[in-house]
Amino acid sequence: MPELPEVETSRRGIEPHLVGATILHAVVRNGRLRWPVSEEIYRLSDQPVLSVQRRAKYLLLELPEGWIIIHLGMSGSLRILPEELPPEKHDHVDLVMSNGKVLRYTDPRRFGAWLWTKELEGHNVLAHLGPEPLSDDFNGEYLHQKCEKKKTAIKPWLMDNKLVVGVGNIYASESLFAAGIHPDRLASSLSLAECELLARVIKAVLLRSIEQGGTTLKDFLQSDGKPGYFAQELQVYGRKGEPCRVCGTPIVATKHAQRATFYCRQCQK
């Protein structure tokens, strides 16, 4: 599933081609996504794009009359095409722009979303989200306060959008390794110093992944069709049985709630 770096990479890739241009019309070939594509999107016509923003894993296209909310789901990606090209099997939505470009949404598993809202504030998919991990609001003091009484393992707690948004399975595993914290540790057992370190490394890991265009494991592509290159720098995720790059101990993989967790027994306590 695309996580925060992949969504931010997509945002940065499409923004220069959309802002200042006008959506001439939308082409919806298959509106049966996670939720049905909003009727307003089918009717889009002559709508200038004012901004392209991100909140958590949602892309937000600001138009004069409202907002398009896009979620990439499990396998979605956005590409900028130089012109209208024949669609392939999983190309479900196009935005045809006044500058000749086309924003094309591809989603083999159709678990993404294209929604419309007049106002972002209070929209049900955005209403209960925690702070952005790259913002000043997310820091060690905040994390420690939220962990103090939490009797659950730290890894699933990091992946809870009410605590902090956008830290999915890949980056939770990588950040806990970088901080030397075992993923099964109770959140309440973390000291303030450990929370300060963890908050710092989460930011560093996410920023490094954004620099590398995100992580491509299967479906994700950048807006220019290239993969994300952070996969080459993964320390633990997807490396079961391979030697730890720090100590040489084989990487362990376990499963919790049907999500894979990767860690080093020696480096993470």
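Each residue, glycine too, has its Cβ placed from N, Cα and C.
Your range for zinc finger, going by Swiss-Prot and the list 25-59, 60-94, 235-269, is 235-269. For LYS57 (active site, proton donor), the spatially nearest entry among the recorded positions GLU3, HIS90, LYS150, ARG259 is GLU3, judged by CA separation. Secondary structure at ARG109 (DNA binding site), as computed by DSSP, is coil. For the recorded positions LYS57, LYS150, the ranking by surrounding Cβ atoms (within 10 Å, all protein chains) places LYS57 first. If you compare Cα positions, ARG109 (DNA binding site) sits closest to PRO2 out of the active-site residues PRO2, GLU3, ARG259.
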